[in-house]
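I am attaching a structure below and will ask some questions about it afterwards.
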Ligand SMILES: Cc1cc2nc3c(=O)[nH]c(=O)nc-3n(C[C@H](O)[C@H](O)[C@H](O)COP(=O)(O)O)c2cc1C
Ligand SMILES: CCCCCCC(=O)C(=O)O
C-alpha cells in the first residue's frame, strides 16, 4: 500500500492495533472537542501565497536551542511506544536520528533512556519530565538524562491529574504485564496497594506543582528548561519571568482539559507577548506540511507531532516513523515553495490571511 499522507498511517494503525491500544492513542478528554479542534483550526486558516520568487532551491533547515535540525518538525513525547511496535522508543530514536530532527522522549517510555541513547547515539534529544510527589525520583531521572547527553528538559505542566478519557475507562486500559515503564523499573513496578492509572500507581504525579518547582528544577540541572502545556499569554509571561528557555504551546493533544483552545489558536497571543525573548514551539493537530507552514508563519520556531509518530511505528517501526517524517518534510518544502518561501527565515505573518481567522 502506498503511504501518501499521514492519514494513511492513521488508517493503517486503526486497522492493525488492538482496539484498546488504538483507543488509548486516539483518546481525547471528555467529548474530544479540543482534540478535534486541534485539526479543524488549521483548516480555518488561509494562506497568502507570494509568486515569482525563484523557488528552484529551498532550504528547510532551522535551529532549536542553538542546534541545527533538518526541518522544523520534531517528535512530541508520547508514552508506551512498545504498544505500537516491539522495539518501541528505540525505533523512534533511530528514525529521528536518521532524519536529523529532535525527539522528545517521554518519562513514560517503554524502553529506558539508556537503551534509547545506545540505539541512536548521535540523535538530538530532549527529555520530557513529570514532577513526582517524591522529588528524589524526578531528580534521579534528571541526572541520568543529563549524563546521557539529553540536551533539554521539557517540563509537562498540564497533567496535575490525568484527563477523563472515556474509552480508556470503558476498556480499563492499562499497560500489559510484559511491558514496563522502563525508566522506573523496580520503582513503579513495585506492588502498590493504591489505585492505578494505566498500570502506574495513580498517586505518583504531584498535583501541587507550581511555579516554584520551575526554580527547583533549575536548581538541580544545568540543562535548558522548556515548559510544555502553556496556552495563555499570562502563563507565557510568567514562564519568561521564571527564566525558562522555551515554551511548547500545547493542550496535550486534547487529552487533558476539554474546552480549551486549539493549540494553533493559542499561538499568536503567546508569540506577541514573548516578543522573541525565548523560543516558542507548538504541538497538536499537525498533519500536513501546510499545517507546519501556518504554525511557523504564526511564530512557532518548530512544531512537534504526537500521534502521527505512533501511527508510523505501528506501520513499520523505525521505517514507518521515517516515512511519516519524510512525508511531512516533503509537504512542508512544497508548501513553502508554493507560497514563495525559499527558507524558514522567509516565513512570517504576512503569509496568513487574517480576515479569514
Ligand atoms: C498516546 C499519547 C501519549 C502521550 N504521552 C505524553 C507523555 O508521556 N508526556 C507528555 O508530555 N505528553 C504526552 N502526550 C501529549 C503529546 O506530547 C502531544 O502534546 C500531543 O500528542 C500533540 O498532539 P497530536 O497527537 O495531535 O500531534 C501524549 C499524547 C498521546 C496521543
Ligand atoms: C499516570 C499518568 C499517565 C500519563 C500517560 C502519558 C500521557 O501523558 C498521556 O497523555 O497518555
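Keep in mind that glycine also has a Cβ here, set from the backbone N, Cα and C atoms.
TrEMBL annotations: computationally assigned, not manually curated.
Not my notes, these are from TrEMBL:
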- 252: active site, proton acceptor (ACT_SITE)
- 24, 165, 252, 255: glyoxylate binding site (BINDING)
- 77-79, 106, 128, 130, 156, 228, 250, 283-287, 306-307: FMN binding site (BINDING)
- 1-357: domain 'FMN hydroxy acid dehydrogenase' (DOMAIN)
When you measure from each Cβ to the nearest atom of ligand 2, which of the binding-site residues 24, 156, 255, 284, 306 fall under 6 angstroms?
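With ligand 2 as the reference and 6 Å as the Cβ limit, the list reads 255.
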Expressed to the nearest Å, what is the distance separating the residue listed as 'active site, proton acceptor' and residue 128 (FMN binding site) at their Cα atoms?
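Between the Cα atoms of the residue listed as 'active site, proton acceptor' and residue 128 (FMN binding site), the distance comes to 13 Å.
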Would you report the average pLDDT that the model assigns to the domain 'FMN hydroxy acid dehydrogenase' (1-357)?
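The predicted confidence over the domain 'FMN hydroxy acid dehydrogenase' (1-357), as a mean pLDDT, is 96.
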Nearest of the binding-site residues to residue 128 (FMN binding site) by CA-CA distance, picking from 24, 165, 255?
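Going through 24, 165, 255 one by one, the Cα closest to that of residue 128 (FMN binding site) is 255.
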Can you tell which of the binding-site residues 24, 165, 255 lies nearest to residue 156 (FMN binding site) in space, using Cα positions?
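So, spelling it out, the nearest of the binding-site residues is 255.
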DSSP three-state call for residue 252 (active site, proton acceptor): helix, strand or coil?
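Note: residue 252 (active site, proton acceptor) is helical by DSSP.
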Compare the Cα of residue 79 (FMN binding site) against each of the binding-site residues 24, 165, 255 and report the nearest.
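Answer for the nearest of the binding-site residues: 24.
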Just the number: how many Å between the Cα atoms of residue 250 (FMN binding site) and residue 24 (glyoxylate binding site)?
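Just about 19 Å between their Cα atoms.
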Consider each pair of residues in 24, 165, 252, 255, all listed by the record as binding glyoxylate, and report the largest Cα separation in Å as a whole number.
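Largest Cα to Cα distance for the glyoxylate-binding set is 13 Å.
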Listed recorded positions are 79, 156, 165, 252, 306; which sit with C-beta under 6 angstroms of ligand 1?
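Near the molecule: 79, 156, 252, 306.
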Should residue 24 (glyoxylate binding site) be counted as helix, strand, or coil on the basis of DSSP?
helix
Pick out which of the binding-site residues 128, 156, 250 has the most other Cβ atoms within 10 Å of its own Cβ.
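The residue with the densest Cβ neighbourhood is 250.
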Give the number of CB atoms, excluding that of residue 77 (FMN binding site) itself, located within 10 Å of its CB.
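Cβ-Cβ neighbours of residue 77 (FMN binding site) within 10 Å number 24.
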By a 10 A CB contact count over all chains shown, which of the binding-site residues listed here is most packed: 79, 286?
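Output for this query is 286.
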